[in-house]
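The structure under discussion appears below in the form of C-alpha cells.
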Amino acid sequence: MVPSQSARIEVIGVGGGGSNAVNRMIASDLQGVGYRVLNTDAQALLQSASQKRIQLGQKLTRGLGAGGNPVIGQKAAEESRAELQESLQGADLVFIAAGMGGGTGTGAAPILAEVAKEVGALTVGIVTKPFGFEGRKRLRQAEEGIARLAESVDTLIVIPNDRLRDAIAGAPLQEAFRAADDVLRMGVKGISDIITRPGLVNVDFADVRSVMAGAGTALLGIGVGSGRSRALEAAQAAMSSPLLESARIDGAKGCVINISGGKDMTLEDMTTASEVIYEVVDPDANIIVGAVVDERLEGEIHVTVIATGFESGAPYRTERTVVSFAGTPLFNSTQEERGAKIPPFLLNRQSQES
C-alpha cells in the first residue's frame, strides 16, 4: 500500500492516442502512478489496459466516438465534468497524455486540464502533434487544441511526430507511432521516478512543483550513455538532438534533472552529468536533481531533463522537444513483453553514430 503521505500522481490518457500511450506505460511497468483513460469510444475503452476508465459524453455520443471533431470531444468532456472532478479529488500531480489532432484528445484534454487545476493538482500536458501525412485539417486542429491546452496546464511538452520523419525512414509505420508513445512514457517516467522512487538525492513533490508550477512551455530532453564516458554522453545527448538540431536548453530558468543508473553509478557520473547541464542554463536557475538506482541499467546512465522558464510570452515552439540517444539502446530489444522494444529506426541511428 502506498503511504498516505506520498504524492498522488495520476496519468490520464485522453482519446485513442492518449490511451495507447497509457497502455505502453503499463506494459513497461512504470510504477508509483495511477492510470486512467478517457474516451468517447466505448469499444476502445474496453480494450485499454487501464482498469480505471471514463466514458465521456455518454448522452452526446452514445459511445460511438467524436468522429474526429474536437467540438464534440469538448462537449463530451463538459458533459462528464462532474465525474472527472470526482475522479481527480486528492490528486497532487496530473499528467495528461493525448494525441492532438483528432476529436476526443484535442477537444477533451483542455477541459480535463481545467478540472485538474480546479482540484489543486500540478498539471502537466505531454501530447503529440500529428505526422504530416495525417492531413492539414488534423494538423490545424492539433495546433488549435495545443493552444487551448497551454492556457490551462502548468507545463506543456509537445512531441512533434513529423520531426521524426527523417529518422524513421524505412521503419514500419507501427514502430513510428510506438516511438512517439515511448517519448510520452519517458517524459512521465523522468518526472515521476524522482518523486516516487527512493533515490540517492532526496527530492520531493514540493521541489518538482517549485520548478513546474506555472512554467508554460517546456523542453524535454532524454539521453542515454554507456562505457567510460557514459555520463557525459547521456547529458550531452539529452541537450542536443539529432532530430531537432536547433533545440537547446540555453538560458532555462527552471530545470528538473533525473539521472538514473545501475548500482555501478558513481558520484563522478552524477557530477559530470549535472555540470554539463549547469553550464548552459541560466546562472540563477532553479534546478532540481534526482538520482535513481535501477538495477536494470547496469553499465548505463540515463538522463532526463525537463527545462522550463524560457522567455515569457513567447509563442509555443514545437522545436523545443528533444529526443536523443548516445551509444546505447534505450531498451533491451528482448523486452518486447514489457513494451520496451527499441524501434528499428533508433537502432539504425545508433549504428550510424557509433
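For all residues, glycine too, the Cβ spot is worked out from N, Cα and C.
Here is what TrEMBL records for this protein:
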DOMAIN    8-199  domain 'Tubulin/FtsZ GTPase'
BINDING   GLY16, GLY17, GLY18, SER19, ASN20, GLY103, THR104, GLY105, GLU134, ARG138, ASP181  GTP binding site
DOMAIN    201-319  domain 'Tubulin/FtsZ 2-layer sandwich'
Protein Cβ atoms within 10 Å of ASN20 (GTP binding site), excluding its own: 24
Model confidence over the domain 'Tubulin/FtsZ 2-layer sandwich' (201-319) (mean pLDDT, whole number): 84
Lowest local Cβ density (other Cβ within 10 Å) among binding-site residues: GLY16, GLY18: GLY16
Collapsed DSSP category at ASP181 (GTP binding site): helix
For ASP181 (GTP binding site), nearby residues of its own chain (Cβ under 8 Å, 6 or more apart in sequence): ASN20, ALA21, ARG24
Cβ neighbour count (within 10 Å, all chains shown) around GLU134 (GTP binding site): 16
Site diameter for GTP, Å, by largest Cα distance between GLY16, GLY17, GLY18, SER19, ASN20, GLY103, THR104, GLY105, GLU134, ARG138, ASP181: 19
Residue distribution over DSSP helix, strand and coil in the domain 'Tubulin/FtsZ 2-layer sandwich' (201-319): 35 helix, 35 strand, 49 coil
